[in-house]
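Q: Here it is: the structure, laid out below.
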Amino acid sequence: MSVKVDGMINKKSKTHSKKLDARALAEKIKKNALKQQAQEEPAKEENVAENFDTVVDPTAELKFKSFNELKLIPELLEAIQQMKFTKPTPIQSEAIPHALEGKDIIGLAQTGSGKTAAFAIPILQALWEAQAAYYGLVLAPTRELAYQIKETFDALGSSMGLRSVCIVGGMDMMDQARDLMRKPHILVATPGRIMDHLEHTKGFSLKNLKYLVMDEADRLLDMDFGPALDKILKIIPTQRTTYLFSATMTNKIAKLQRASLHNPVRVAVSNKYQTADNLVQSMMLVSDGYKNTYLIHLLNEFLGKSIIIFTRTCAHSQRTALLARILGFSAVPLHGQLTQAQRLGSLNKFKAGKANILIATDVAARGLDIPSVDIVINYDIPTDSKAYIHRVGRTARAGKSGKSISLITQYDLEMYLRIESVLGKKLPKDPSPSKAVLDTLHVHVDRASAEAIRQTKDFHEKRNPKKNRDDRDREER
C-alpha cells in the first residue's frame, strides 16, 4: 500500500504500529544539525580572522580600473584585450599591484573570481625580462583545472612566444619527459606527477625556479597531496616568489602558508557562504525509489537547457549518464574513473554544446571554466555546505541568471537542514508532478535503469587502473 505525504511516495512501515511524528522528527534533526554547525563554524571563522589582514569588499572601489594603468608590456596588454578583460575583478585589483612589486600573495577567492589571471599576468610580465626555462610552476589539485590554467597562460602569452606544458597523471611519462626537455617557461602540474618527474626524469630540475603558485590549496590538502607538497617545497629554491590561493582558510592552509610564503600580502575578497543574488535555489522532496524518475521528469521540463547534474560517486555519475542517454538525452559523464582523454572529451563536448547535460562528481564543482550553465541539479546532496556552494556556483555566473534544484530524500534531511542553516534561509520547495505522471514515467525509467546498470557493470569490468602515484591526482568522488 502506498501513501502520498507532502509530495513523497512511501510504503507504509510494517514494523511500526505508530505513525512517526514528522514535525517532531524534523525539529530534532534541525536541532542536531544546528548544534553541529555551531561547533564547526567558529573555528573556521577564527582561522580566517587570524590569517587575513586585508579583507576586501567585492563592491569596493577597485585599486585600478583598467589594465592600461599597470604599465604592462604591450604584448601582454594586447592579449588581455583579445581575451576581452574589460576591467579587473576584485581579486585581480587587489593582488596584481602587489604581485608586480614582487611580493608573496595569499588570497582567499572563490572559483570564477578571476584568480588565474591574477597570478598569470604578474608572472608573464616578469618572464618577459628573464626569458628563462622552468620559470614558474603552478600546482593544481585536478587534471582538468591544470589544463584550464595552461590555456589561460597560453592565451595571455600568445604574443610572447610562451612555452608551457601541462604535467598530470594519466598521460604517458615519456611524452611528458620529452616536453620537459624542450625547456618550457611555465609548468602547470598536479603534485604527484611533477614529483615523479623530479625523481625519475634525467636532466629535469627546478633549481632555477622563480615562481611557485599553489592554486585551490585547500583542495590540494584535502586530496592528500600534503606529502608531495612537502617534498616539492624542499627541492625548489627558497629564494622565489610564491602565490597561494584557496577558497577557504583552515589550520592546514595556515601551516602551509607559514612553510612556503615570506611576509605575504593577505587578501580575501569573497564570502565563503555566499551564493549569487541572481541564482534561484529550490529543493524537491522525493522518494528514494523514485529518484531517477524525478530526475528524468526535470530533464524533460528543462529540455534543451544547459544542465550540470552532480552525483556523489563515480558509479552514480556513469550510471546516470547512461540512463539519460538510453532515454534520448544528450548527456556525458565526468568523474575520476574515466581516462584523461575521456574526461577531456566529455568536458569539451559539454562546453561546445554537443552535449547539453554533464553528469559529474565534485570534480566539476570548482575551478573549471564552464560558461553558460542554465541549471544545476543536485542528484545526490553534497555531504558538506562548502561543496553545495561550489556546486550551485556553476550557474548564475557573470551576471547571468541561473537555477539550482536539490533532490532531497528522507535520508538527506539532516544535511539539507545544515545547508539551509549556513545559507541563512529556507529553500523553497518545488511542486512534485502528479502520482499519475510519476507512475507512467517510472515504468520507462525503471526499464532504462536496468539497462544502465548492466552497461555500468560492463564499464567497470573493462577498467584496469594502475595503482601508482599517477592516480594520486584522482578527482574527489
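Glycine residues also receive a Cβ, built from the backbone N, Cα and C atoms like all the rest.
Keep in mind that what you see is a predicted model, and the values were worked out from it rather than measured.
Feature annotation from Swiss-Prot assigns region 'Disordered' to 1-22, 452-477. Marked as motif 'Q motif' by Swiss-Prot: 65-93. The feature domain 'Helicase ATP-binding' is assigned by Swiss-Prot to 96-267, with sequence analysis given as support. Per Swiss-Prot, the feature ATP binding site maps to Ala109, Gln110, Thr111, Gly112, Ser113, Gly114, Lys115, Thr116; the stated evidence is sequence analysis. Sequence annotations record features per position, and here Swiss-Prot assigns motif 'DEAD box' to 215-218 based on a curator's inference. Annotated domain 'Helicase C-terminal' per Swiss-Prot: 294-438, in sequence order.
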Q: If you count other CB atoms within 10 A of each CB, which of Ser113, Thr116 wins among these binding-site residues?
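A: Compared across Ser113, Thr116, the most Cβ atoms within 10 Å surround Thr116.
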Q: Can you name the far-off residues of the same chain, 6+ from the ends of the motif 'Q motif' (65-93), with a Cβ under 8 Å from a Cβ of it?
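A: Distal contacts: 56, 58, 100, 107, 109, 113-115, 117-118, 121, 124-125, 128, 155-160, 267, 269.
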Q: Just counting, how many other CB atoms are there within 10 A of the CB of Gly114 (ATP binding site)?
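A: That number is 17.
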Q: Other than its own, how many Cβ atoms are within 10 Å of the Cβ belonging to Ala109 (ATP binding site)?
A: 25
Q: To what whole number does the mean pLDDT across the motif 'DEAD box' (215-218) round?
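A: Over the motif 'DEAD box' (215-218), the predicted model scores a mean pLDDT of 91.
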Q: Have a look around Lys115 (ATP binding site) and count the other CB atoms within 10 A of its CB, chains all included.
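A: There are 28 of them.
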Q: For Thr116 (ATP binding site), what is the secondary structure state per DSSP, taken as helix, strand or coil?
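A: Note: Thr116 (ATP binding site) is helical by DSSP.
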